[in-house]
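Let me begin by presenting the structure, written as C-alpha cells, before commenting on it.
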Amino acid sequence: MDSQLKIGFIGAGNMAFGIAKGILTGDNIPPIGFQELGIPITHSNIEVVCGSDVVFVAVKPHLVSLVLNEISQHVTDRHIIVSVAAGVTLSTLEELLPENSVAIRLMPNLPCLVQEGALLFARGSHAKQEDGALLRSLLHRCGLVEEGPESWIDIHTGLSGSGVAFVYLFAEALAEGAVKMGMPSALAHSIASQTVLGAGRLLRDSGKHPAQLRSEVCTPGGTTIYGLHTLEQGGVRASTMSAVESATERARELGRNASKVTPKVDYSCGCGYCNHNKMHSNSILGTFIEGHVSLQA
C-alpha cells in the first residue's frame, strides 16, 4: 500500500466515523469525533476531493447527486470514489461522475464503530480488481469485509445495515421479559447484551448453522423449547424475514429516487447524518486522513 495514500470523507456521520476509526486504528476506542482523532475538517467538498486519492461519499441518498455534481469536474483518473449511500446504484454514480471514473459501492453497518462491522462492496464497471483489494485492505480493521455483485448490496442493507436495529429490538425485548419476571432493569439489559454478544461470537466462530446451535440448547421438555414455541406462535421467524424484505425494498426505492432528484441546497451542515446546527449554503462536512499516519499494511 502506498504510504502516502490520502483518504477523504464527504459527510461525517456515524458510518464515516466508524470507517475512519477502523482505518486509523484497530483499537476499540470509544466513539468521539473526527477532530478528537486529529483529523482536519473542511466545509469544502472540492478541497476534500483535490486533496484525496480515495473519497468516501457518506451522505444521505438524496444528497448524492448534489454532491457528485459539485465535485465531478475535480474527479480524475487517480481517484477512487466510494459511495456508502443506501440504494444509490453504481450506474447512477457513474452517470454523475466523469467518464471512466472508478466507483465502488459500499454498505457498512453501525458496529464499524467498534471494529465489528459487516461490510459488503461492489465494484463499478471501471474499478479493477486491485481497486477492490485496496479498499479491502483499508477496511479490514472495521470488521468482516466481503465483495459481491451489486444485486446483493440492497439485500445486505436489509440484512445487516438495518438488521443491527432488529437485533437491538430483540435484545430490548429479552431484557424487558426479564424485568417483567422481577429482575432489575440495569442487570437485565447487561445480561441481554452479553447474551447477544456471546451468541453472535459462537455462531461466527463455530461455523455451525444457527439451527444446529439452537438445537444444542434445547433439551426435551426443557425451558428453551417452551420459549421457542412461544416465539414461533408469535411469528418471530416470518416477521424477521419480512423485516429484511421491507428494508431491502426500501433501499431499492431510495436508489430509484436518488437517480431522479437533484435536491435544493437547504440542509444543516450537509452531511445528512450529524447533528450540527450551523448552516452551510453549498458545502458538506468533509475530512482528510493522511495515509502515512495510519494506512500501514
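Using the three backbone atoms N, Cα and C, a Cβ is placed for every residue, glycine included.
Where the annotation comes from TrEMBL, it is an automatic prediction and has not been curated.
Taken from TrEMBL, the feature domain 'Pyrroline-5-carboxylate reductase catalytic N-terminal' covers 6-87. Per TrEMBL, the feature NADP(+) binding site maps to ILE10, GLY11, ALA12, GLY13, ASN14, MET15, ALA58, VAL59, LYS60, PRO61. According to TrEMBL, the NADPH binding site annotation covers ASN45. According to TrEMBL, the feature domain 'Pyrroline-5-carboxylate reductase dimerisation' maps to 150-254.
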Next item on the list: Mind looking up the mean pLDDT for the domain 'Pyrroline-5-carboxylate reductase dimerisation' (150-254) in the predicted model?
Entry: 96
Next item on the list: Run through the domain 'Pyrroline-5-carboxylate reductase catalytic N-terminal' (6-87) and tell me, per DSSP, how many residues are helix, strand and coil.
Entry: 34 helix, 15 strand, 33 coil
Check: Got a sec? Which of these binding-site residues, ASN14, ALA58, has the most Cβ atoms within 10 Å?
Finding: ALA58
Check: Just the number: how many Å between the Cα atoms of ALA12 (NADP(+) binding site) and the residue listed as 'NADPH binding site'?
Finding: 12
Next item on the list: For the residue listed as 'NADPH binding site', just count the other CB atoms lying within 10 A of its CB, please.
Entry: 26
Notebook entry, point to check: Counting across all protein chains shown, how many other Cβ atoms sit within 10 Å of the Cβ of ALA12 (NADP(+) binding site)?
Noted result: 27
Check: When the domain 'Pyrroline-5-carboxylate reductase dimerisation' (150-254) is classified with DSSP, how many of its residues are helical, how many are strand and how many are coil?
Finding: 90 helix, 0 strand, 15 coil
Margin query: Return the count of C-beta atoms lying within 10 angstroms of the C-beta of ILE10 (NADP(+) binding site), excluding that atom itself.
Written below: 32
Checklist line | Count of other CB atoms lying within 10 Å of the CB belonging to LYS60 (NADP(+) binding site) | finding: 20
Next item on the list: In whole Å, could you give the widest CA to CA gap in the NADP(+) site formed by ILE10, GLY11, ALA12, GLY13, ASN14, MET15, ALA58, VAL59, LYS60, PRO61?
Entry: 15
Check: Restricting the comparison to the binding-site residues ILE10, ASN14, ALA58, LYS60, which residue's C-alpha is spatially nearest the C-alpha of ASN45 (NADPH binding site)?
Finding: ILE10
